[in-house]
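The transmembrane segment feature in TrEMBL is assigned to 44-64, 71-89, 101-124, 144-166, 178-204, 264-285, 305-326. The feature region 'Disordered' is assigned by TrEMBL to 221-249.
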Amino acid sequence: MSSLNLPPGVMPPPPNVVVFGPNANCTLDICPVEISVYGYRPSLAASITFIALYAIAIVIHAYLGIRWKQWWFMSCMLVGAVNAIIGYAGRIMMYYNPFSFAAFMIQIICVTTGPVYYCAAIYITLALAINHFSPALSRFQPKLFYYIFIPCDLFSLVLQAAGGALSTSSAGSSQVGVNLALAGLAFQVFTIVLFCAFFADYLIRYFRSSAWQRLNNKNNHSDTYTSADPDPDPTGTGNNMNDTDPAMRLTTTTRPSKATRLKLFFGFMALAILLTLARCAYRLAELHEGYTGELIRDEPLFIGLEGVMVLAAVYCLMIGHPGLVFKDSPGKGRASGGSQIGLQEYTK
């Protein structure tokens, strides 16, 4: 790398010094940071902030997942967040040594692949939501989400991981590794765009349906519930248990209506997938230039279009958590977040 496209005014490294790769021996004492792969020292403050916010997200998603028994959704969110923390830890390592190839590969693989897990959570959750609310409005069986989008998600993950592994074994010089990772990102973008089309189609059909109109008209007020029973109307019959049990009325609390919760769920899930799509498009353009391009050396762009976009999506999926809406039917609602019962029920 020392012989390629040195920035104006930057001196080349000393002889016999390796700038990039497993055998890199450049340090800030003998090499200018401008000749490192990023051309800068990753912001320590930004990396620490992202790690702290992802740690908070882990705690909140774990709490919500356990409280509402959304096991599949929780697992995907936690794995993705842990991936992100490891990735930003790699960027902290690069702050102290921008020439560390191990740190570079840790962050490039973990930060890049993290959103794959969030997409898996969204794909499964939407399939369950369609089956939960109005499967007749979907143009195809909800179980096809399992057979189409999850394999596509896994295929994208394998390509990106394989590309990273090849880049590692070839000291970053393998164009095959870059191309594999690029193919994985491109396939992920294609999958998300296809998913957005199906998602938008279902939302339009659902919010125009009589089922939504009935729910919206019925639930134009706030429900009440007790801490002992999070859903006072678990059967969906309109009979609030708190209205007939004086003891229950003593501990009632107000929460948004089912219609409001459904809007939050679908709205923030849609926002999360759009944020993820924008991020993937940015990473696709970045990787298309390779490890020596201009985009990879633009840290503000990375922070805005990678760091902020993905973190915002993770927090959107807290506000639009599936537990908001999957509690409204006994058995099916509580299993539908990805428990073994829910998965078996909707894939058989």
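Indices start at 1 and increase along the chain as displayed.
Each Cβ is built from the backbone N, Cα and C atoms, and glycine gets one as well.
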- Task: Return the stretch with the most CB pairs under 8 A relative to the transmembrane segment (44-64), choosing among 71-89, 144-166, 178-204, 264-285.
- Result: 71-89
- Which listed stretch (71-89, 101-124, 178-204) has the most C-beta pairs under 8 A with the transmembrane segment (144-166)? 178-204
- Task: Six or more residues out from either end of the transmembrane segment (71-89), which same-chain residues have a Cβ under 8 Å from its Cβ atoms?
- Result: 47, 50-51, 54-55, 57-58, 61-62, 64-65, 106-118, 120-121, 124-125, 310-311, 314, 317, 321-322, 337-340, 342-343
- Other parts of the chain folded back onto the transmembrane segment (101-124), taken as Cβ under 8 Å at six or more residues beyond its ends: 20-22, 24, 37, 72-73, 76-77, 79-81, 83-84, 86-91, 93-94, 145-146, 149-150, 153, 156-157, 160-161, 164, 167-168, 171-172, 181, 185, 188, 191-192, 195, 269, 272-273, 276, 279-280, 283, 306, 310, 313-314, 317, 338, 343
